[in-house]
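> Swiss-Prot feature annotations, pasted as is:
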| type | residues | note |
| --- | --- | --- |
| REGION | 1-31 | region 'Disordered' |
| COMPBIAS | 8-17 | compositional bias 'Basic and acidic residues' |
| COILED | 21-70 | coiled coil |
| REGION | 64-99 | region 'Disordered' |
| DOMAIN | 114-458 | domain 'G-alpha' |
| REGION | 117-130 | region 'G1 motif' |
| BINDING | 122-129, 261-267, 286-290, 373-376 | GTP binding site |
| REGION | 259-267 | region 'G2 motif' |
| REGION | 282-291 | region 'G3 motif' |
| REGION | 369-376 | region 'G4 motif' |
| REGION | 427-432 | region 'G5 motif' |
| REGION | 455-520 | region 'Disordered' |
| REGION | 541-700 | region 'Disordered' |
| COMPBIAS | 595-688 | compositional bias 'Basic and acidic residues' |
| DOMAIN | 704-972 | domain 'PPM-type phosphatase' |
| BINDING | ASP749, GLY750 | Mn(2+) 1 binding site |
| BINDING | ASP920, ASP963 | Mn(2+) 2 binding site |
Amino acid sequence: MKKMLFMNKKEKKEEQSPAHSSLAQQHQLAQQQYQLQQQQLQLQYQQHQQQLQLAQQQKQNEQNLAQLSTSTSSNSSVNNTTNTNTNTTNSSSISSNNNNNNNTAVPILKAHDFCGTIMILGHTESGKTTLQRQLEFIYGVTDPTDAKHYQRLIYGNTLATLIRFIENSERLNITLSPDNLARVKRIQSQPVELARNRLPRFPLKLGWDCKCIWEDKVIQSVYNHSKICSEIRTPGRPKYYMDRMFKVFDPSYTPTEMDIISAYDQKDTIQSSAIIHKRFKVDLFGCSGKQSSPKNWVGLHQNYKPNYIFYVVALKDYFSDHLVATQNTDPTIVEMCNNHIHRNLLLESLNSFETLTKSELFDKSLAIYLIFNTSDIFYENIKQYDLKSCFSEYEGGNDPEKAVSFISNKFTKFLQNKDKPYKSHIVNLLDKNNVREEFEGIFDSLKIDAEKRGFTTPYNQSNSSPVSSIGSNSSRNSRLPNTSVSIPGLYSSDNDNTRLKNVNNNNNNNNNTTTYGSSTFPSSVISTTGSISNSIASAMDNDSSYSNESSPTSSMTLLPTTTTTTTTTTTTATTTDSTNNNNNNATVVIGKGKPPKEPKPVKPPKEPKPPKEPKPPKEPKPPKEPKPIKEPKEKPVKESKPPKEPKPIKEPKESKEPKEPKEPKPTKPPKEKKTSKVDGAAESKKNGADSCGNGGVGSKIKLESGFGSLQGRRKNMEDTHVILNNLMGAVTYNGPPKDIPISYYAVYDGHGGTETSTLLEPTVHNCLVNSQSFRDGDYEQAFRDAYAEADDIVIEKCEKSGSTGVSALLVGNKLYTANVGDSEIVLARAQPNANPKGPVTYEPVLLSYKHLASDDQEKKRVTDLGGMIIFNRLFGSLAVSRSFGDKEYKEGEKKFCVSDPYQTTTDLTARDHFFILACDGLWDKVEYDEAVQFVQRNIKLGKSATEISELLAQDSYDRGSGDNITVLVVILNWN
């Protein structure tokens, strides 16, 4: 075995080390052959056109003969003689083809003989899009360039890169020189011009501004740190943009091939393209953007059935927390970096590849090619930063070849026990000649394999993969050279985002108590793991040799089946009754718990009784045996409210005394003292002690509210909030009296200044109360009207700043919510418990939606208007797509940023114990379920709502949040 491996190594070296001249000759010969094939194809096409013309002429002659046959005999004889004399050259062809003309089909010429389908996979920013663009330029069927699109995109990349550097300098608490502050404002205003589809009016002046900002010592420090810190990294090739800024801003600028390849244009969908190499057609499908995660690879085989896989690995991203902390000399930057975890993209890519090797996509593919993307940055990094910081067992020092070999073995070790041909290639994807040299051999080998398997039909929507003309084909390629050693899996798999799990579990709760005030709210939860029922299976599906066993020593699990949510957040302006919407709207519930299953806990007492267990007809009667006779009489009456029964044992005792509310009152005085702190803090000074009471139909709620707010690591505090336990007592209301108590809570997270959020603090709820819809009792429409009116007021008074917002209106037992941007609200709902004596657990119910520019639905809305999402931001600048203010994005007919809110309406029950409103400074670091559990624990410890809010904000700060943090907690005490 060792001899064979040694021979394979030797043969591989001999194959991979030809002289440069011989390579050039081979390439020249290949080009000549390709040109000859193109000439032959053109000649065949011309012959085909001549055949078509001849067939048309023959058909015309037949029609003429038919017309002549109906004329007089004398005239027909003359005409037939004339026709015979004038068409002697075509008479033979007409007579010979007359009988078979209708049965003979004209041959269709193809530009290819064989074909294949390739899926390009890899981790984030590994070079997948770069590879696909390079292959399109080298072998593409059509010209991939769109000059106007890429000119605008590259212009946006250049501006977005500088804006990102400026924002990161603020995050790191380092200030640019005073001379550049005015230039910063001019640069930050340019995305607005881009939104209006205009290039800069004074391009040379803008280029000079960009040059001065780029050469600032602070920006250079941020750029150098971004190369090793994933938290402040700028996607794409920032240095390339900066070096070419004067060319980009030239009015006569036309993008080059390298400009197009270097342009960063994140797509969250599968990117498809077709190439042809020596009459071998390849359909490429690249998974970029959000599709880079392994959880999104589950349905790829069912939908595309790729024959081969290209897995791209970026070698330059191997930095760890310790390396970042020790390599930077700026104490301010080091302090900031200690507050967040640095992603090691190389290890993440290794984990993703291990997950891939245990998936159906890998098992059904014919071969896999590992593409190690070096680029110039890797060779620069390996000289400065030892790979040992990432892999403790590495002993190769700063030698690039040893480092590449070591990393390659880390990946190929997962393939050693797999019955799968594979091969690794080291390529600089930015070097067109290097890409051509490597992929000439790759496509030559793939063409041979496709020819053996008989893949002649290209990919289309009906067959989903090239179809073999041979049928069942059991031939397999031999294993490619493999020198890797099996090592047990040492790296933990990527944990699924808890936030995504929370949203995906909304279908698990069938007892919907939340309704929505608009028929176009985000409600669809669409699975991406569906199969194509009409797809035609390729020959590889019938190959029994594809079954592979997972390595028993691996620590990774199989690729999980997940679902992704695609939602719509547009709202309608028409008024709808909540009673009509109750049947059409769904509740966004996070967690599993189904209230209708609560009576099932009665079954445990049956188990110790063996004679009664095998009797199925007696199952509905057991409730009468373990409980007194009075309880079965109460159950038929209270079947509509099962949530109230699983409460602690004290509740049935209290149910016998419904007319005695004096027992819970001793616990209320301390709660009133806690809320008094809040009433004196934010616009609730008018609220008295009785304002905490909130009555409902058949029940009463005692409210306890509080807030916690931190400036955090930002230079300014741009958050504001409102707590009004008694809304009607705090505002001037001229409408009909409201007999039911109403409370209002809100958080406004400003950006670009404090003007907008400060103005929203007294404005939104006043607009809400003074609207006609509020007087009529249509609170859903009142929220829409209030948000629109408040936005108009803000736009008139605030030029540059903006703000997100989340609001909650509690009317009796109904909770109305609205939000724009990434400020959110979560309701804590008690889960049904089979054991009444057991602890109460809560599930988070998400009552808001994140309107980010990176969201699929929001991105579609913006791009349909002609907008651009660069670096997951609106024109590279604004992170949210819905907000108050942000005047520059709302001017003109095309409003790229809007203030239409996402709304929910919830009928609260005794199972709902508290809700949390907060800005993204909390939710970016704390998951929904974590926040609910945190509040639950502190309530048990007897802490007030204010204390809990402050502790929760501090917890987010300790986790490394660099934003302002504002948290509101409202506790619902039911009587």
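Glycine is no exception: its Cβ is also placed from the backbone N, Cα and C atoms.
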> Using Cα coordinates, what distance in whole Å links ASP963 (Mn(2+) 2 binding site) and ASP265 (GTP binding site)?
27
> Out of ASP749, ASP963, which of the binding-site residues has the smallest number of neighbouring Cβ atoms within 10 Å?
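So among ASP749, ASP963, the binding-site residues given, the one with the fewest Cβ atoms within 10 Å is ASP963.
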> Same-chain Cβ contacts of the region 'G1 motif' (117-130) under 8 Å, 6 or more residues past its ends?
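Contacts with the region 'G1 motif' (117-130): 235, 261-262, 265, 267, 271, 282-288, 292, 297, 300, 304-314, 317, 345, 348-349, 352, 356, 361, 365, 371, 373, 375, 429-430, 446, 459, 465-466.
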> So if I draw a 10 Å sphere around the Cβ of ASP920 (Mn(2+) 2 binding site), how many other Cβ atoms end up inside it?
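Around ASP920 (Mn(2+) 2 binding site), other Cβ atoms within 10 Å: 21.
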> For THR374 (GTP binding site) and GLY750 (Mn(2+) 1 binding site), determine the Cα separation and express it in whole Å.
41
> For SER262 (GTP binding site), write down the residues of its own chain that are at least 6 apart in sequence and whose Cβ falls under 8 Å from its Cβ; none is a fine answer.
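For SER262 (GTP binding site), the qualifying residues are THR130, GLY236, ARG237, TYR240, TYR241, LEU430.
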> Between the Cα atoms of GLY122 (GTP binding site) and GLY750 (Mn(2+) 1 binding site), find the distance and write it as a whole number of Å.
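Computed Cα spacing between GLY122 (GTP binding site) and GLY750 (Mn(2+) 1 binding site) is 37 Å.
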> Quick check on the region 'G2 motif' (259-267): DSSP residue counts for helix, strand, coil, in that order please.
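Helix/strand/coil tally for the region 'G2 motif' (259-267): 4 helix, 0 strand, 5 coil.
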> Given LYS128 (GTP binding site) and GLY750 (Mn(2+) 1 binding site), what distance in Å do their CA atoms have, once rounded to a whole number?
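Rounded to a whole number, the Cα-Cα distance is 36 Å.
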> Nearest to GLY750 (Mn(2+) 1 binding site) by Cα, among GLU125, GLY286, ASP920 (binding-site residues)?
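Checked the binding-site residues GLU125, GLY286, ASP920; minimum Cα distance to GLY750 (Mn(2+) 1 binding site) goes to ASP920.
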> Near THR374 (GTP binding site), how many other Cβ atoms are within 10 Å of its Cβ?
22
> Give the distance between the Cα atoms of ASP749 (Mn(2+) 1 binding site) and ASP920 (Mn(2+) 2 binding site), rounded to the nearest whole Å.
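ASP749 (Mn(2+) 1 binding site) and ASP920 (Mn(2+) 2 binding site) have their Cα atoms 8 Å apart.
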> Quick one: Cα separation, GLY286 (GTP binding site) versus ASP920 (Mn(2+) 2 binding site), in Å?
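If we compare the Cα positions of GLY286 (GTP binding site) and ASP920 (Mn(2+) 2 binding site), the gap is 32 Å.
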> Could you tell me how many residues in the region 'G4 motif' (369-376) are helical, how many are strand and how many are coil under DSSP?
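Its residues fall into 2 helix, 5 strand, 1 coil.
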> Fill in the CA-CA distance, ASP265 (GTP binding site) to ASP920 (Mn(2+) 2 binding site), as an integer in Å.
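Rounded to a whole number, the Cα-Cα distance is 25 Å.
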> Quick check for the class: what is the C-alpha distance, in angstrom and rounded, between GLU125 (GTP binding site) and ASP920 (Mn(2+) 2 binding site)?
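If we compare the Cα positions of GLU125 (GTP binding site) and ASP920 (Mn(2+) 2 binding site), the gap is 25 Å.
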> Counting across all protein chains present, how many other Cβ atoms fall within 10 Å of the Cβ of GLY286 (GTP binding site)?
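For GLY286 (GTP binding site), the count of other Cβ atoms within 10 Å is 27.
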